[in-house]
Amino acid sequence: MRRSISSKAKSFLHRNLLYSGNSGTSPSSSFSICGFCFSRRAYSNGSDYREMLRNGIRFMKLDDSLDLFFHMVQCRPLPSIADFSRLLSAISKMKKYDVVIYLWEQMQMLGIPHNLCTCNILLNCFCRCSQLSLALSFLGKMIKLGHEPSIVTFGSLLNGFCRGDRVYDALYMFDQMVGMGYKPNVVIYNTIIDGLCKSKQVDNALDLLNRMEKDGIGPDVVTYNSLISGLCSSGRWSDATRMVSCMTKREIYPDVFTFNALIDACVKEGRVSEAEEFYEEMIRRSLDPDIVTYSLLIYGLCMYSRLDEAEEMFGFMVSKGCFPDVVTYSILINGYCKSKKVEHGMKLFCEMSQRGVVRNTVTYTILIQGYCRAGKLNVAEEIFRRMVFCGVHPNIITYNVLLHGLCDNGKIEKALVILADMQKNGMDADIVTYNIIIRGMCKAGEVADAWDIYCSLNCQGLMPDIWTYTTMMLGLYKKGLRREADALFRKMKEDGILPNECYV
């Protein structure tokens, strides 16, 4: 028999609502969706909506779901709360969490009752929207209304904490939950193990695995995948392979996610041949590689200038019906640009729009850098203009890439215009930006202007780094200003920045 949860739950809520700083927020104060237009689709009788919920709900689009909701609230007698729960759950699976919250509020206004199931759906939507303060506030409301939280309720909250990088709060709630007499299931353990692994706390995750097994809960493929991914991310390659052996001995077989984690680790460590071996092992096990598998392998091949093989892999994935996304395209375009085959990259860039793949900031930035390195600045600037025209927002890396290209080619005035535009658009320059400008000015012999930029850094709230000092000192030396360069060297050491090998 579980002990009453009210006192412990309330103390937990108080602690966490204070943390989030939003204890008084109600669901409706943060979420409202205006302007939903419900088309009045004709339903011949009350059984039609039940037929839709029973057989057609998996294939429904959002508009159809909204039409169905509108019809259901018009029915007399009203459909059961179980029917409403089924519909809300389906919309939640579409990841339209804000819509679920809105519809739940409409149900409240219409006096449609709720149960634990509908409450759990709403609470999960708050967590998925990263609105943990609202989720905790709503948990308090649930308890007041007499709905005792279930293991599903806690699962949603734990997932919300882990997704919000609040794994310690997740562990605290886990302990409170166990203290109240709830028995965690494999899903609960998996949620926290995954959160710990993503927070680089793999040893704690392994401890929790031991605790899980002592509690008589057997790990599944999801448990092992989280641990293998965490071990790989922490560079513990041998531990990861041992974990694979361990799961296989228990007759828990690796899936596509497992192999993707191993391939990712191999590629990051430069062990592309081993990554290919894992890929071949997948094929032997009759596992279909997914877009992540292919993208990782293409990245590894491009990294080692094996472009012909990367192209072949790209073509092969398409032939298998696995169509590349923006990430895959960007990887291969980057491979071409780094191998000085920027025109091949441009061809792929054009192919993206033909295939309906939307280019993102990374794609544009890669191509701009490719043309800058090829000395084709006019093309790079044109791509930048097209990017802005298409509504794709340049980030600081995009600006720095373009500025680097302009400064390297002696176009300092144009670089300063771009810098001014960037600041006008609300983008704050970072120390890398100013290092690029200082380097460009020094290279062009405009050391006095570079010095002015250097002196303005404090006013911009920026601290010079090793590259700022290095570049500025080189510029001063080249101008014969040795005394000024030596003074700057001393200033650098006073600031606690150690000289690199170029200046020792």
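Quick reminder: no glycine exception, Cβ is built from N, Cα and C everywhere.
Confidence annotation: the repeat 'PPR 1' (45-79) carries a mean pLDDT of 72 in the model. Per Swiss-Prot, repeat 'PPR 1' is recorded for 45-79.
Sequence annotations record features per position, and here Swiss-Prot assigns repeat 'PPR 2' to 80-114.
Under DSSP, residues within the repeat 'PPR 4' (150-184) fall into helix, strand and coil as 26 helix, 0 strand, 9 coil. Marked as repeat 'PPR 4' by Swiss-Prot: 150-184.
Remote same-chain residues near the repeat 'PPR 5' (185-219) are listed as 151, 154-155, 158-159, 161-163, 165, 167, 170-171, 174, 177, 226-227, 229-231, 233-234, 236, 247, 252 (criterion: CB distance under 8 Å, separation of at least six residues from the stretch ends). Sequence annotations record features per position, and here Swiss-Prot assigns repeat 'PPR 5' to 185-219.
Summarising the annotation, Swiss-Prot assigns repeat 'PPR 6' to 220-254. Summarised by DSSP class, the composition of the repeat 'PPR 6' (220-254) is 26 helix, 0 strand, 9 coil.
Summarising the annotation, Swiss-Prot assigns repeat 'PPR 7' to 255-289. Long-range Cβ contacts of the repeat 'PPR 7' (255-289) within its own chain (Cβ-Cβ under 8 Å, at least 6 residues beyond either end) map to 221, 224-225, 228-229, 232-233, 235, 237, 240-241, 244, 296-297, 299-301, 303-304, 306, 317, 320, 322.
Positions annotated as repeat 'PPR 8' by Swiss-Prot: 290-324.
Proximity of distant same-chain residues to the repeat 'PPR 9' (325-359), defined by a Cβ-Cβ separation under 8 Å and at least 6 residues beyond the stretch ends, is recorded for 291, 294-295, 298-299, 301-303, 305, 307, 310-311, 314, 317, 366-367, 369-371, 373-374, 376, 390, 392. Summarising the annotation, Swiss-Prot assigns repeat 'PPR 9' to 325-359.
What Swiss-Prot records for 360-394 is repeat 'PPR 10'.
Swiss-Prot lists 395-429 with the feature repeat 'PPR 11'. Counting residues 6+ beyond its ends, the repeat 'PPR 11' (395-429) has Cβ neighbours under 8 Å at 361, 364-365, 368-369, 371-373, 375, 377, 380-381, 384, 387, 436-437, 439-441, 443-444, 446, 460 in the same chain.
Look at Swiss-Prot and you will find 430-464 tagged as repeat 'PPR 12'.
If you look up Swiss-Prot, you'll see 465-499 marked as repeat 'PPR 13'. Per-class residue totals from DSSP over the repeat 'PPR 13' (465-499), listed helix then strand then coil: 26 helix, 0 strand, 9 coil.
Annotation source Swiss-Prot lists transit peptide at 1-43, citing sequence analysis.
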Close approaches to the repeat 'PPR 10' (360-394) from elsewhere in its chain (Cβ under 8 angstroms; 6 or more beyond its ends): 326, 329-330, 333-334, 336-338, 340, 342, 345-346, 349, 352, 401-402, 404-406, 408-409, 411, 427
Residue counts (helix, strand, coil, in that order) that DSSP gives for the repeat 'PPR 2' (80-114): 26 helix, 0 strand, 9 coil
